[in-house]
Amino acid sequence: MMRSHYCGALNRSHVGQTVTLSGWVHRVRNLGRFIFMQIRDREGIVQVFFDEKDEAIFKIASSLRSEACVQIQGEVIARDESQINKEMATGEIEVLVKNVVVYNNADVLPLDFNQNNTEEQRLKYRYLDLRRPEMAEKLKTRAKITSFVRRYMDDNGFLDIETPMLTKATPEGARDYLVPSRVHNGKFYALPQSPQLFKQLLMMSGFDRYYQIVKCFRDEDLRADRQPEFTQIDVETSFLTAEEVRELMENMIHGLWLDRLNVDLGKFPIMTWQEAMQRFGSDKPDLRNPLELVDVADILKDVEFKVFNEPANSADGRVTVLRVPNGASLTRKQIDEYTQFVGIYGAKGLAWAKINDVNAGMEGIQSPVAKFLNEEVFKALIERTNATSGDILFFGADKWQVVTDSMGALRLKVGRDLALTDLSAWKPLWVIDFPMFEKDDEGNLSAMHHPFTSPKNLTPEELAANPVNAVANAYDMVINGYEVGGGSVRIYDPKMQQTVFGILGINEQDQQEKFGFLLDALKFGTPPHAGLAFGLDRLTMLITGTENIRDVIAFPKTTAAACLMTEAPSFANPQALEELGIAVLKKEKAE
């Protein structure tokens, strides 16, 4: 027997028992007559000790380095009261070693387990990094999350059905990872960005409750919280309304938070996309932050200040105010930093007004734009924003998107900087009624979610007549400012699907070439269906309290989509490329 107990499972009830432990040397203290070691496995750490009276095993112990892999046999002993370590789960006991087997000693480590290592070091030696208790705990939590999800899905009649990894490239927003076919020379498979079409086809096949915990792939420009391969909890249902789907999934997340964190999330509020953008400048609002944007275009449309009156009178303009309680104490340097910050989002500046004394008229206001605004205007602004003495007002005035993005980001930053955001709270919500389409930089329409999302309460003819104002029957679950899941009611009418493709500029020939199988399937009694997908990586981030998505993935990629440990991607064997009919063209470096 290599192991009778996990290290972290030992406690006072095991005193007097002989146990066999297998794990790694975590720390060593040589006190001359005794050598104390902490032995670690995935469940925790326990202290063992060697007595010099047993010369043979004492000699072996003297040769062991940190991270040596060993087997320990010994007797569990209660520590003296004065020696109890309350910082350790096993701190009431220790193990007197009677025998030791060295599976493998360890070379000098390239990582220092007692210090912060660079992320590059951690990713290069990931197998060592994962031995750290805090990393092991995150992956154990991830496993428990997936176990909970599987139980919940099984209890609610869902079937776990796998969908293909090698599939056809279809336009879903990001670039596909392509896999060349040796058998079909010159043709390529695509790795799925999501199982979207296959899960819809499963609904058409009669499997009315499907789920899958599945890898997805997107070849896109990466951010700190994105990975080229990521894991979804993918869900689809037939004969359920959007409200019923949301209730099912809300109950799952509610149960998950109780199971993992003993936190009751309560009933999730529902907010339209329009309300979220107006009040918070984001379609994934962090409701732990009490600050809100207040629209004031009607108050400022007649002032003699172009920065305000032009967007206030423009159809695509927006003028809004962010009131920060006690913000009048901000220094000019801090305000200048916020001005630079909103510039990242396209804002040309950041007007502000300190309300030093709300009862002193213009004399109680300090602002570089005060000369353009009279007392009546300021009185209206103060009333609209509920400002009081000691507050500061930040103004956003520009095109609607610029103001919404910049002021929404400023709201988050100020909330963090001034400790207004309650970091101990959990604030979930549903965001619904997204626009069906959005305009790209060239003014063309693209699907805000994906082209299989159903519009809300529209016929194909009505949608074609006014696509810009169409509302999608879509919904996102947001927790603490993170979109953890999103979905929609799907199109199940072939005419509606062709109409959406047409609005997106996909002609009939391309529709048949790219989606012919879907359009055919829609003709044969397709049921109404709806679903969504959760990001497992992001859920695990939230539950474990980390802000780095790489901490909850066993073997993640860098932000450059590389694996430092295996050195992937790598150059392919020339013979393999020849068999595939592929020639690699070297890109010329930009001068």
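Backbone N, Cα and C atoms are what each Cβ position is placed from, and that goes for glycine too.
The model shown is predicted, which means the values in this text are computed figures rather than measured ones.
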Write down the single range among 8-11, 196-199, 304-307, 520-523 that appears in Swiss-Prot as region 'Aspartate'.
196-199
For the ATP site that Swiss-Prot lists with R218, D219, E220, Q227, G535, L536, D537, R538, give the additional residue from the candidates E275, E483, E579, E588.
E483
Same-chain Cβ contacts of the region 'Aspartate' (196-199) under 8 Å, 6 or more residues past its ends?
163-164, 167, 170, 172, 210, 212, 234, 236, 450, 452, 515, 518, 531
Considering Cα atoms only, can you say which of R218, H449, R490 is the nearest neighbour of E483 (ATP binding site) among these binding-site residues?
H449
Quick one: what's DSSP say for E220 (ATP binding site), helix, strand or coil?
coil
Between H449 (L-aspartate binding site) and L536 (ATP binding site), what C-alpha distance do you get in Å?
19
Considering the binding-site residues E220, E483, which residue's Cβ sits among the greatest number of other Cβ atoms within 10 Å?
E483
